[in-house]
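**Q** What follows is a structure written as structure tokens; I'll ask about it next.
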Amino acid sequence: MQLLDWGIVGALLLILTATLIISQRQVKSTADFLAANRCAGRYLLAVTDGIAGIGAISIIATFEQYYIAGFSPVWWGFLSGPIALLMSICGWVYYRFRETRCFTMAQFFEVRYSRRFRVFSGMLGWLSGVLNYGIFPSVSVKFFMFFCKLPDSFQIAGIPFVFSTYVCLLLFVISLGVTFAICGGQLAIMLTDFIQGTFCNIVFLILMIFMVMRFDWETIFETLTVHAAENPGQSLFNPFDTTGIRDFNIWFFLMGIVLVVLTSGTWQGQSGYAAAAKSAHEAKMARFLGVWRQLVQWALLLFIPICAFTFFNSPQYADSAQTVAETLGTLHGQEVSQARVPLFLSHILPPGLLGLFAALMLAAMLSTDDSYMHSWGSIFVQDVIMPFRKKPFTEKQHILLLRLSIVFVGVFAFFFSWLFKQTEYILLFFQITGAIFTGGAGAVLIGGLYSRSGSTLGAWVAMILGSGLALGSIALQQCWPALAPVLAEHAPESAAQWLLARRERFPVNSQVLAFAITLTGFASYFIVSYIDRKVHGTENFNLEKMLHRGKYDISGEHREVWSAGKIWRIFGLTDEFTRFDRLLFFASLLWTLLWTVAFVAGTLGHFVLGWQPLHWLRLWRGYVMLGFGLGIGTTIWFLIGGAADVVKLFRALRTRKRNDADDGRVVNGRNAGEESAEPVTDPSGD
């Protein structure tokens, strides 16, 4: 990288630092620090939550996946489109969770189940989260070392020590994330993430223009067609010819669709965003907007690995590819798959664009790091420490403790990234470490929000069973290289050969394990809850009270802006939908139907018409270029809408009266600060 490139990175850091200083002055309560006092609008949520969810590690994981599986993940995404739209229409999980007015999921678990279960689930969620986050800094730092071509070590004049570049960069990026998370909490995170998200969308557009001009579709078509002919079952464009791809085949994506539904809302890496919306309806609309915000993002993240594959496999780029391949030859294990696309980009991008992409990755890394550190640090205080306190913390004590907890998460991430050896693809590591919590939490959360009959005993059994199976799976994966030869010694010859052939990696990947664990959690929750209520004759839970509906609506968040008829309600359009909301809904519906029709047409084309490679490749070219074209307009749209939401956020914070009791505690089964809204009669059992 040249001076121009480093200047771009430095300028972005200066702008973010200035924003951090400005936003810090607005933090005046625990609710401000935890959830921006629930003042965030839909555009601000869509942009910030989106960039926090697509951090540097997710970009690298996406590069890994698309380089190996090609367009297939997008194809199975078409199948999940109607499901995702239906989830957005009904506000699946997110709407009802926002109605509870809880800051964290474990706080909801205390309201719905018990205080002891809150502490247990809080500890479990925190453990799962910090383990999952543990490799984030490692992967990000390795990217910057590959992309910027940094040496493995360096010396400083006058100091007789050799410094590890990897360790020093780890310390720098983690310190950066901690600083942004502790200075202004969720408020500062949202404002800096808005700048980062907007910057990233603009850079995505610029890079997409460069990549389309640099790699022509004819060369891409030819390269992918030759690869498919030479490697049966490993096609990167025909999703029905992927049986030879071990980890990212059809079963990976089908199980993933089910897991998205069953574990929706359970992951708390961005828990501050779940609580920050100014109403449940705004949270729902942010989900609709997310479909449009990510168009150019996913078009580019798909196109770059395809271009990289073309670069490494087309004779047209053989000489340049050989240079990069020699560098890859010096790496080992998972480093190769993680470094392949970054090294490709560092080779083809000119000065200026190199700096823009480095700044994009820095922004993506920082947006995820500060969000995750804030979430896991907050969860430890809110759900592990606070339930044991009889006397509430003062505002200063509470915020100080939250900041110290965030620092601890950073310290843990530093040592975990330094010492842990990764053996699987990033996305598979995410699944199994996440399953420590989500394996049982999916059933406990969905059952708690939607079922009156779910019991505390059912929640305990589901959570213990899910976490136990996930931890056992992780231990088995780590011990497998040493365990497989031992098992082979005591197994029949055929079984021994099978074990030794798979000694490097556990034969069942993490997606399959997470899928089985989640199904086990759901089955145990509902079976045990049914038996428990039959045996003890417990009354059904009062969901209206928990969700603040009807006479329990203490904040007046359920606004009726039109009278929705029966037909509209069938489509999920409630009285809260404005005219623009309805327009956005139908636009999202048409977009989803477009790709659902494409899925049906492609399926018929393959099985009935016998589509040739050219048919598939034209479909994918149309998908990428359409996303790119629409992305230009949506980037401008979200820039304007997000800026307006930022102004409204500051205006609301200046005028809103803080409630010091609104700190995440639960008093007599209600969130602290809501006791005065207790109804005269108790409709328990409604």
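Just so you know, the numbers here start at 1 and follow the chain as drawn.
Glycine residues also receive a Cβ, built from the backbone N, Cα and C atoms like all the rest.
In case it's useful when we look at the structure, here is the feature table from TrEMBL:
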type     : residues : note
TRANSMEM : 6-22     : transmembrane segment
TRANSMEM : 43-63    : transmembrane segment
TRANSMEM : 194-213  : transmembrane segment
TRANSMEM : 248-267  : transmembrane segment
TRANSMEM : 288-312  : transmembrane segment
TRANSMEM : 348-366  : transmembrane segment
TRANSMEM : 399-420  : transmembrane segment
TRANSMEM : 426-450  : transmembrane segment
TRANSMEM : 457-476  : transmembrane segment
TRANSMEM : 512-531  : transmembrane segment
TRANSMEM : 583-611  : transmembrane segment
TRANSMEM : 623-647  : transmembrane segment
REGION   : 664-686  : region 'Disordered'
**Q** Counting only residues 6 or more past its boundaries, what in the same chain has a CB within less than 8 Å of a CB in the transmembrane segment (288-312)?
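**A** Sequence-distant neighbours of the transmembrane segment (288-312): 42-43, 46-47, 49-50, 54, 59, 62-63, 65-67, 70-71, 74, 88, 200-201, 204-205, 207-208, 211-212, 214-215, 219-220, 223-224, 227, 236, 320-321, 324-325, 340-341, 344-345, 348, 584-585, 587-588, 591-592, 623-625, 627-628, 630-632, 634-635, 637-638.
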**Q** Any chance you could find the range in 43-63, 194-213, 399-420, 457-476, 583-611 with the most Cβ pairs under 8 Å to the transmembrane segment (426-450)?
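**A** Between the candidates 43-63, 194-213, 399-420, 457-476, 583-611, the best contact partner of the transmembrane segment (426-450) is 457-476.
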**Q** So if I exclude everything within five residues of the ends of the transmembrane segment (43-63), which remaining residues of that chain have a CB under 8 angstroms from its CBs? That is, six or more out.
**A** 135-136, 139-140, 143, 189-190, 193-194, 196-198, 200-201, 269-270, 273, 276-277, 282-283, 286, 289-290, 293-294, 297, 301-302, 304-305, 308, 338, 340-342, 361-365, 367-369, 371, 425-427, 430, 638, 641-642, 644-646, 649
**Q** List, by number or range, the same-chain residues at least 6 past the transmembrane segment (583-611) whose CB is under 8 A from its CB atoms?
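**A** Distant contacts of the transmembrane segment (583-611): 75, 78-79, 81-82, 84-85, 88-89, 238-240, 285, 288-289, 291-292, 571-573, 577, 619, 623.
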**Q** What parts of the chain pack near the transmembrane segment (194-213), using Cβ distances under 8 Å and only residues at least 6 beyond its ends?
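**A** Counting only partners 6 or more residues beyond its ends, the transmembrane segment (194-213) has Cβ contacts under 8 Å with 12, 15-16, 19, 44, 47-48, 50-51, 293, 296-297, 299-300, 303-304, 307, 349, 353, 356-357, 359-360, 363-364, 366-367, 625, 628, 631-632, 635, 638-639, 642, 646.
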**Q** Report, as numbers and ranges, which residues of the same chain sit near the transmembrane segment (6-22): CB under 8 Å and 6 or more residues beyond its ends.
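**A** Non-local partners: 179-180, 183-184, 188, 191-192, 195-196, 199, 352, 355-356, 358-359, 362-363, 366.
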**Q** Are there residues at least six beyond either end of the transmembrane segment (248-267) with Cβ under 8 Å to its Cβ atoms? List them, or say none.
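**A** Same-chain residues near the transmembrane segment (248-267) but 6 or more away: 65, 68-69, 72-73, 76-77, 79-80, 83-84, 87, 92-94, 97, 105, 239-240, 242, 274, 431, 434, 437-438, 441-443, 445-446, 509, 511-512, 514-515, 518-519, 522.
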